[in-house]
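In what follows, a single structure is set out as structure tokens and then discussed.
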Amino acid sequence: MGFEQGDAKKGANLFKTRCAQCHTLKAGEGNKIGPELHGLFGRKTGSVAGYSYTDANKQKGIEWNHDTLFEYLENPKKYIPGTKMAFGGLKKPKDRNDLITFLEQETK
């Protein structure tokens, strides 16, 4: 099973409670503990200017899209061993779908 369109409103709540402490969404909001997510879709791992990534993130070499985010958000440390993202992941596929649907709308 892979990505399916989710509920952006539920994704917004997930972002607020699970992601917003470390990430921003809009252009120019800048990096926090984690990199700014503006322009996320179609971007390569480890490529946000001014953010200090681990070598693991820089060398992963994948492009963020629905499918890569769906897999990554289940267990970030398994998908990119050595990442400094201190997030255990979203185990429920529905939660990942909701969050990815929200991110696609809000990071353009």
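Don't overthink the numbers, they just go from 1 along the chain as shown.
Heads up, the Cβ atoms here are built off N, Cα and C, so glycines get one too.
Together with Cys19, Cys22, His23, the heme c site in Swiss-Prot holds one more listed residue from Met1, Met85, which is Met85. Minimal Cβ crowding within 10 Å, among the binding-site residues Cys19, Cys22, Met85, is found at Cys22.
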